[in-house]
Amino acid sequence: MPETGVRNGAFGADKFGLKNLEAVYWNFGAPQLYEHALRKGEAMVNADGALCADTGVFTGRSPKDKFTVRDATTDQSVWWAGNQSITPEQFAALYADFLDHAEGMTLFAQDLYGGADPNFRIPTRVFTELAWHSLFIRTLLRRPDTSELAGFVPELTVIDLPSFRADPERHGVRSENVVAIDFVRKIILIGGSHYAGEMKKSIFTTLNYYLPDNGVLPMHCSANVGPEGDSTIFFGLSGTGKTTLSADPKRTLIGDDEHGWSKEGIFNFEGGCYAKCIKLSQEAEPEIYAASKRFGAVLENVVHDESTRVPDFDDGSKTENTRSAYPLEFIPNASLTGRAGQPKNLVMLAADAFGVLPPIARLTPAQAMYHFLSGYTAKVAGTERGLGNEPQPEFSTCFGSPFLPRDPSVYGNMLRELIARHNVDCWLVNTGWTGGKYGTGRRMPIKVTRALLGAALDGSLREVQFRTDRYFGFAVPTSVPGIEPHILDPIKTWADKAEFDKTACALVGMFQNNFTRFEGDVDAEVRAAAPEVRAAAE
C-alpha cells in the first residue's frame, strides 16, 4: 500500500483497520489537493483560483441521519432527548462495512488539532475519499507544524466516505446517508453525503462531549478581542448577525463559529472559517468576499458562469446554503494564535421578528443562563421554505441544539459559573425588527446595533440609567449618547400600543412554554429569570 507524505510511520492507516488501499496521501497541502481534485473530476477551479465543488443531493447537514452509540458509558452521559442512538453492535457492523468499502480506494489523510489551546486540543486524524474534502477539513481545523507530524498520534479518528451507502436494517439508521459517532472508541463515520460541513459539525459535537470533563465550556459562537485584551463572545443563531458583528475592524477576530472557555480564557476550535456566501458582496462583507476569491478557498454549491468561471454569489438556484471555506489567515485582522484572555463581555444576538425585544438589554448571570438555554431567534418568510407571513419563533438551546451531546443544563451551569467567576457583562441584542413585527415594522438599523454594541464593549453603557423591562425583567438603558431615546423602548416605536402589548405577551408565552423542559434542571433563581408580564412602571 503506497503511502506518500509526512506522517507517523508507526501509526498509519492500518492501525484503524484500513487495508488493501490503492494509496494513502498524507497531509497534503492545497496545491497537491487541487491537483488530485481536478484529476479525479471532483471539483473545478474558478476565475479567482478558488476550488469549487457541488455536493449533489445534500446541500446541508442531515440531522435526522446523525447517530450516537449508546453503551454503558454514554447511557448516562449523553442527552438522549436530543440525540439518536444506535447499539455498539450496529456501530461495529457499520465500521466493518466502512473498512470493506474502503478497500481498493485512494484515501487522503490529514493530521490536525481540534482546538487552539495546547492544554485542551484534541489530536484528530481525518481520512477522506475526496481530495477536496481533505482540503476543506485541513482548512477548517488547526494545522500542526510539519515537525509535529512524524510523532502525531490521534485521539479522534474520522472516516469520511461519500460513496458509502448505509443499510438501515443492518446498521440501525434511517437511510443510506449516515453520521455515526462512538464517543468511547473516539471514532466518527460519515457516509453518503458530499456536504463537507458534516465533518466540521461532527467534530464539534465530539468536542462538546469531551471538553466539559476538562473544565472547558464548548460554545457555538464567534469571538473577538479589543486592543486592550478585552475579549467578547457572540452567541446567535443563523441570520442574527453573529459573523457580521464580530468582524470589527477595531478588534481582532478570534474565530467565527466554535470556541472553548477555560480557566485560562477563550480559544478557537478551528483554524478556518466556513461562511455563508449567498449574496456575498464586496460592499457588505469585504473581508469575507476577498477571502473567498483567491487560491486556497473552497466554495460549495456556488453558481459560476460556464464560460468565464466567474462566481455569481447572488444565484441561489442550487441552494441558499452556498458556502466558502478559507483559512483564518485570509482575514487581515484575525488572530493566528486563536486565543485570548477571559471575556469582558458576552453578547446574545436575537433577530426578533416580533419587534418587541429592545435593541439592547443587560442580563444578570441567572438571566444569561435562562436566555442561553432558550437560544431564541425568529424565522421569517424568505429565510426558510414553508414559512407563511407570520414570524415563527426558533428556540435552539445553547444556540446550538443539534451539536449538544450532553444535557443542556451541563453547558448552562458552566456558563453561569464562568460569568460569575470572571464578572462578565452580559447583553441581549435584538438585530431583528423595530416599530412593529415583520411585515409592518422595519429591520433594526445596523448603525444603531453597532453603536449600542460599541457602547457596551467600551464600558460607557455602565454610566447610563436603566429601567426594568415590563415583560422580560432585564435592564434596558433609558438613554445612550448618539441614539434616539424612543428606539431604546420598543413600545414607543409602535403606532398601535395595544397591538404591541398583545404581541409582547404572546412572545412571553412562547418563552415560558419552551422553557418548561428545563425547569427541573435549574434552580429557583434561573426559574425566576423567566419572562412574565409585570405591572407597568409609574
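Cβ coordinates come from backbone N, Cα and C, glycine included.
Within 10 Å of the C-beta of Arg61 (substrate binding site) we count 19 further C-beta atoms, all protein chains included. Summarising the annotation, Swiss-Prot assigns substrate binding site to Arg61, Tyr195, Lys201, Arg323 and lists sequence analysis as the type of evidence.
Residues or ranges marked as ATP binding site by Swiss-Prot: Lys201, His220, Gly236, Leu237, Ser238, Gly239, Thr240, Gly241, Lys242, Thr243, Thr244, Glu285, Arg323, Thr449. In the three-state DSSP scheme, Gly236 (ATP binding site) falls into the strand class.
Other Cβ atoms within 10 Å of the Cβ of Lys201 (substrate binding site) number 21 in total over all chains. Taken from Swiss-Prot, the feature Mn(2+) binding site applies to Lys201, His220, Asp257.
Per Cα geometry, Asp257 is the residue among the binding-site residues Ser238, Lys242, Thr244, Asp257 nearest to Lys201 (substrate binding site). Fewest other C-beta atoms within 10 Å: among the binding-site residues Ser238, Thr240, Thr244, that description fits Ser238. Arg61 (substrate binding site) has none of the binding-site residues His220, Ser238, Thr240, Lys242, Asp257 nearby, counting only those with a Cα within 10 angstroms of its own Cα. A straight line from the CA of Arg323 (substrate binding site) to the CA of Thr244 (ATP binding site) spans 15 Å. Non-local neighbourhood of Gly236 (ATP binding site): Cys221, Lys242, Val347, Met348, Leu349, Ala350, Ala351, Thr377, Phe399, Thr431, each in the same chain, at least six residues away, with C-beta under 8 Å from its C-beta. Cα of Thr244 (ATP binding site) to Cα of His220 (Mn(2+) binding site): a span of 15 Å. The residues near the Mn(2+) site, meaning same-chain residues not in Lys201, His220, Asp257 whose C-beta sits within 8 angstroms of the mean position of the site's C-beta atoms, are Lys200, Phe204, Glu258, Gly400, Phe403, in sequence order.
Nearest to Asp257 (Mn(2+) binding site) in space, judged by Cα atoms and limited to the binding-site residues Tyr195, Ser238, Thr240, is Ser238.
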